[in-house]
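Asks: Supplied in structure tokens, the structure appears directly below.
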Amino acid sequence: MYYLPSSCLVLFLFFSLFYHLPCASSKQTLGWCESQFQCGNITAGFPFWGGNRPEVCGHPLLELHCLDNITSLTISDHLYHVLSINHTYNTLRVARTDFLQSICLSPFPFANATLPPEIFDILPTYKSVTLYRCYPVIPDLARYGCPAIGSVSVSDNLENPVSCEARFTVNIPTSFVPNEKRLNITSLVRDVRNGFEVRLRIDENSCQECSSSHKYCGFTGTLPLETKCRPLNLPTRLSSEAKIATIAGVSLLPFLVLTLVVHIIRKQKTSNDKGQQDLKEHIPKPRIKALIQLKQYSYEQVKRITNSFAEVVGRGGFGIVYRGTLSDGRMVAVKVLKDLKGNNGEDFINEVASMSQTSHVNIVTLLGFCSEGYKRAIIYEFMENGSLDKFISSKKSSTMDWRELYGIALGVARGLEYLHHGCRTRIVHFDIKPQNVLLDDNLSPKVSDFGLAKLCERKESILSLMDTRGTIGYIAPEVFSRVYGSVSHKSDVYSYGMLVLDIIGARNKTSTEDTTSSTSSMYFPEWIYKDLEKGDNGRLIVNRSEEDEIAKKMTLVGLWCIQPWPLDRPAMNRVVEMMEGNLDALEVPPRPVLQCSVVPHLDSSWISEENSISSEI
């Protein structure tokens, strides 16, 4: 015999008993339209609906939502904040939510939004301007400096120049004149955040007649806001069938509701237990304890935090990073991992378990995680200045002060020292590179992206790897060739050394001035020794002795760290001492003898993507 599941049986009884009840009281919903939508300082009636106003009370496309006392409205698949509503003139001021944080993003993540002309008219006090990214720059267009992009061009006309590869349109006051505010992005951002005003195309006379006849205004179609009058009150008498259905439904309502609630709670608990069990099957016991202590978010909460994943700030090999805001107003970065069906989420487990055991000024702070089936996300603090690789390019690094570069290198060293020697469980990162070093407002570095990390007891000095991991150019020789010894925390030391040489510009010089050298030079810059003998410190010619001392110290530390043999490299606590100590105490490290197998075959199966996860302005 076939048995209905308990949930189906309960629902069947529920809908059977209440079949006549909606028919008996459907007209009563019309009385609910007297109520107003309330959210923060926004009060709205017809043609809006939402909250305690059912859909019948408004236009299908004008549903208002309230979250944290902020009213929002979806127009043409774009979310807008409703800043104000003027019922006298049927106008409202709206602002696109994806413009509220910043319009200086690379690449442009924005798409043009079209307002339905049957419903909205933009007030004549506003106009549309188009923002472009043009290569080469068009001289006739006003340009504004953006930290993450370089420059943005603005035009009043909507013609698309051929050389402009990215564009989107914003609505701003007609008083805005691009040429008069040249190079001042602040005024443009302010005008965009203040939103723009639109008028609803409502037949005001018809609605006034409804009010005078003690009726309320309704709509007749889906797109045009054609109105008609509807009664506010119910008929006073119900049929006997309706009365019986109503009494029966009301009598059994508490029992059915209680049954449904108990069933849902049991089902949800079973589902959660199964999901947690699936996760725990692949996590060692020490890591489970670390996960339990973290705040766990539901996937719906993650969607609210990221405003339905509105703003992308970074992309990498393991997922996409979105900008988000917690309920207390804190800005966060939310990394949503890619489909994990094939690897049981080991990258997710590595990152969460590793970051959950850290607390250091130079390690990015983990705030929580989400794990619902194959939907997994990591929430951590947001770094306004993005990743280090954007600051050590040939153009930007030449303008940075040597003390700033030294502070960044020292901060990363302290962070790695903490991972190797300061944690209860030693953490080896395995993917130290500029893209995985984030910078806060004060250019203080924080190590991030622990997707390839491994945890081991501090007494263990050797790690066993089933696969080679890291990014080409930063991988220690022993990781892909056991000729050089065993893999250990010294592998991070090598990656740090290459990072330091990147900071002082050594990698750029290698690619431009040493193209005729052997392929092994991409792992060990042989030419640096020659420059040290000549007195050149590898980045630029400095005039002050203090800067010259900093440059030489960073160069020597970098060379010690990238020694091919792990035993010849200093541990990270010794690296910090070298960075903080006197230059005179540092010796020039011996020139290494590289083995032929130092350059591996570039197999994508073990190379992490270069575009790792990072946040941007």
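Quick reminder: no glycine exception, Cβ is built from N, Cα and C everywhere.
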Asks: Can you tell me which of these residues Swiss-Prot lists as N-linked glycosylation site: N112, N442?
Replies: N112
Asks: Which residue from N69, N385 is recorded in Swiss-Prot as N-linked glycosylation site?
Replies: N69
Asks: Which residue, chosen from N41, N543, is annotated N-linked glycosylation site in Swiss-Prot?
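Replies: Of the listed residues, Swiss-Prot records N-linked glycosylation site for N41.
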Asks: Return the residue, from the listed recorded positions N41, N69, N86, N112, T471, with the maximum count of other C-beta atoms within 10 angstroms of its C-beta.
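Replies: It comes out as T471.
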Asks: Mean pLDDT over the topological domain 'Cytoplasmic' (265-617): what is the value?
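Replies: Summing pLDDT over the topological domain 'Cytoplasmic' (265-617) and dividing by its length gives 74.
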Asks: In this structure, which of the binding-site residues R315, G319 has the fewest other Cβ atoms within 10 Å of its Cβ?
Replies: R315
Asks: What same-chain residues, at least 6 away in sequence, bring their CB to under 8 Å of the CB of Y380 (phosphotyrosine)?
Replies: V332, A333, K335, M355, V364, T365, L366, L367, S448
Asks: Measure from the CA atom of D431 (active site, proton acceptor) to the CA atom of T471 (phosphothreonine) and give the result in Å, rounded to a whole number.
Replies: 6
